[in-house]
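Here TrEMBL flags 8-201 as domain 'Thymidylate kinase-like'. According to TrEMBL, the feature ATP binding site maps to 10, 11, 12, 13, 14, 15, 16, 17.
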Ligand code: T5A
């Protein structure tokens, strides 16, 4: 038996963590076994890499170096958390995955696209998400939400420091991925209240699971 793999993507403060927790609880109440996890992170080794990346310590080594670190964290995360959970028939909900690498570590001129594609294939060994929810909202609103959330924590991470134009370009890059892969990606208007967004995601998730159930897999 194999489970299902849903990822949540979008810019800073788009509401991914908020929605993943709501949908996770919703699915548990429906009787599904659910694993909620995140990238970079999800294992001891990957959380250590997360610290190196988000503190900005790897920034001076360049985008390629950072991309390799994200991929290394992903390999460990897949081996230790995602693959075992899917093999046990669980639903895995992951906060960020391959699309974040494509968007954040890709450069504006797509110079390193081939390298990133190769790195992605090597890291995920076929573990593609069944559905990717792309939470879309203007970068300015997302950054304001992230600023508000941060009041409860402490520091701005390496990628949150990038200016509004960079954050808005990332939003467009996520939308381009969604347009290129409509089977996998669902764009969710995240510029609404939390409950409205959750209802959409829950409906899409239930429809998917029903289709799979009806098809006998
Ligand atoms: N990264 C990651 C890469 O560069 N490459 C990669 O391959 C990967 C995997 C991760 C960073 O690493 C980069 C991208 C990131 O910069 P992170 O801390 O995990 O760092 O960053 P985010 O995922 O961006 O986390 P955020 O917390 O900033 O964003 P979320 O999870 O999208 O937002 P959330 O749910 O925490 O909400 C933020 C605030 O808004 C409120 C929440 O209550 C919270 O206070 N909120 C809403 N307010 C109004 N209306 C709504 N609908 C709301 N939804 C949430």
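Including glycine, each Cβ sits where the backbone N, Cα and C put it.
Quick caveat, the model's predicted, so the values are computed rather than measured.
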Contacting binding-site residues for ligand 1, chosen from 11, 12, 13, 17 when the Cβ sits under 6 angstroms of any of its atoms: 12, 13, 17
Number of Cβ atoms other than its own within 10 Å, given for residue 10 (ATP binding site): 26
DSSP-derived class (H/G/I helix, E/B strand, else coil) of residue 16 (ATP binding site): helix
Cβ-centroid neighbours of ATP site 10, 11, 12, 13, 14, 15, 16, 17, 8 Å, sequence order: 135, 137, 142, 145, 146, 190
Which of 11, 13, 15, all binding-site residues, has a Cβ with the fewest other Cβ atoms inside 10 Å: 15
Which of 12, 14, 16, 17, the listed binding-site residues, has fewest other Cβ atoms within 10 Å: 17
Segment-level pLDDT (mean, integer) for the domain 'Thymidylate kinase-like' (8-201): 94
Residue 10 (ATP binding site) in three-state DSSP notation: strand
